[in-house]
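*Asks:* Before anything else, here's the structure in question.
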Amino acid sequence: MRYVKLHSEYFPEFFNRLKEVGRVYGPVRHNSTYRFEEVNSIDELSLDYTRTILPPKKFFIRPRDAMFKIQKNEVTEVDGDGKFVLFGVHSCDIHGIKILDKVYLSNPPDPYYERRRKNAFIVGISCMPDEYCFCKSLGTDFAMDGFDIFLHELPDGWLVRVGSVKGHEFVWENQDIFDDVTEEDLRNFKEFEEKRAKAFKKSLNKEGLADILDLAFTSKVWKKYAEKCLGCGNCTIVCPTCRCYEVCDTWVRAYEALRMRRYDSCFMPTHGLVAGGHNFRPTRLDRFRHRYYCKNYFDPEAGFNCVGCGRCDEFCPARIEHVKVLDEVREGLI
């Protein structure tokens, strides 16, 4: 992996060069929350954010996504987007995108996702954890791939890791704003990462978790928290790896319809409903437990479906904590 340095005085020009790649989207503050939005100036960015409400998956899998329109006897695909830059993506969210890649880019690849993924230029950025983060315990606190370039803050600029062919091309075409990395830069980078590793307050005990879940299907803990859960589905909407959707046709006008796919949630009562009226998960208990098995049942090939970003904890209106639930399930078997 190649390392270069971006001095602080070149940061505004670096941003302008990114705008030449495509539309730039970055974290923007709204009161106490943050969102990825289109930005035209570095002054609009809040690079010291902890997490956005919606993860970057919304740029690849939209909440409401028009697939094609049907007009009389003709089917026309809805025009796709052009190239864009995701500026300031954290390591956990990059790991979330990598999980989506395994799903949507496996044969046969999803054409809508594939097109947007190819059009994306991802700029990662380092962060400091808060009380909700537990990505370190899942190994998603540091990304080695899945990005084009990654920024690590230094006292006098940024250490830039180059992670893709597109990243190499960008650095090569803009050599005038980059410099070589010094031993002092590498030392500062290492010191920051060591400090960051010690800052995590929450961790998930993943040892033998699949076996624990095998034995805990009837645990009373599921019922305890299912009664507290509102069933709103908020945790699935803000999750970087939840990808369930439904497809529906809507009439635009006479003889013209639009086929859409939109977010669905396993917390919705109709999610498990099939023809004949049977529902695979008819109760809130069934749906609550299912999400934990979906996120935490370790697959040797795919790994976990949770990246430890902390969104489900922070944005849960019932204040249910992901790690606490699993800890209680484990303790109930001892």
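Cβ atoms are placed via backbone N, Cα and C, with glycine included.
From Swiss-Prot, for reference:
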type	residues	note
BINDING	C229, C232, C235, C239	[4Fe-4S] cluster 1 binding site
BINDING	C306, C309, C312, C316	[4Fe-4S] cluster 2 binding site
DOMAIN	220-250	domain '4Fe-4S ferredoxin-type 1'
DOMAIN	294-328	domain '4Fe-4S ferredoxin-type 2'
*Asks:* Judged by the number of other CB atoms within 10 angstroms, which among C229, C232, C235, C239, C316 is the least packed of the binding-site residues?
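*Replies:* Counting other Cβ atoms within 10 Å of each of the binding-site residues C229, C232, C235, C239, C316, the minimum falls on C232.
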*Asks:* Of C229, C232, C239, which binding-site residues are close to C312 ([4Fe-4S] cluster 2 binding site), meaning a Cα within 10 Å of its Cα?
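*Replies:* Of C229, C232, C239, within range: C239.
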*Asks:* Would you find the one among the binding-site residues C309, C312 whose Cβ has the most company, meaning other Cβ atoms within 10 Å?
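*Replies:* Answer returned by the neighbour count: C309.
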*Asks:* Work through the binding-site residues one by one (C306, C309, C316) and name whichever has its CA nearest to the CA of C229 ([4Fe-4S] cluster 1 binding site).
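*Replies:* Going through C306, C309, C316 one by one, the Cα closest to that of C229 ([4Fe-4S] cluster 1 binding site) is C316.
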*Asks:* List the binding-site residues among C306, C309, C316 whose C-alpha is within 10 Å of the C-alpha of C239 ([4Fe-4S] cluster 1 binding site), in sequence order, or say none.
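*Replies:* Cα filter at 10 Å returns C306, C309.
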*Asks:* Do you know offhand how many angstrom separate C316 ([4Fe-4S] cluster 2 binding site) and C235 ([4Fe-4S] cluster 1 binding site) by C-alpha?
*Replies:* 6
*Asks:* Sequence gap of 6 or more, Cβ distance under 8 Å: name the residues on the same chain that satisfy this around C306 ([4Fe-4S] cluster 2 binding site), in order along the sequence.
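*Replies:* The list for C306 ([4Fe-4S] cluster 2 binding site) reads L138, L204, T241, K295, N296, H322, given in order along the sequence.
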*Asks:* Which chain neighbours of the [4Fe-4S] cluster 1 site, leaving out C229, C232, C235, C239, have a Cβ atom within 8 Å of the mean position of the site's Cβ atoms?
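*Replies:* What remains near the Cβ centre is G233, N234, T236, I237, S265, F267, R291, C312, C316, I320.
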*Asks:* From the centroid of the CB atoms of C306, C309, C312, C316, the recorded [4Fe-4S] cluster 2 site, which same-chain residues not already listed sit within 8 A by their CB, in sequence order?
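*Replies:* Neighbours within 8 Å of the Cβ centroid, excluding C306, C309, C312, C316: C235, V238, C239, K295, G308, G310, R311, D313, E314, H322.
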*Asks:* Whole-number answer please: how many Å between the C-alpha atoms of C232 ([4Fe-4S] cluster 1 binding site) and C309 ([4Fe-4S] cluster 2 binding site)?
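*Replies:* Taking the Cα atoms only, C232 ([4Fe-4S] cluster 1 binding site) lies 19 Å from C309 ([4Fe-4S] cluster 2 binding site).
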*Asks:* Please classify the secondary structure at C312 ([4Fe-4S] cluster 2 binding site) using three-state DSSP.
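*Replies:* In the DSSP reduction, C312 ([4Fe-4S] cluster 2 binding site) maps to helix.
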*Asks:* Report, in whole Å, the straight Cα-to-Cα distance of C309 ([4Fe-4S] cluster 2 binding site) from C235 ([4Fe-4S] cluster 1 binding site).
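*Replies:* So the alpha carbons of C235 ([4Fe-4S] cluster 1 binding site) and C309 ([4Fe-4S] cluster 2 binding site) sit roughly 12 Å from each other.
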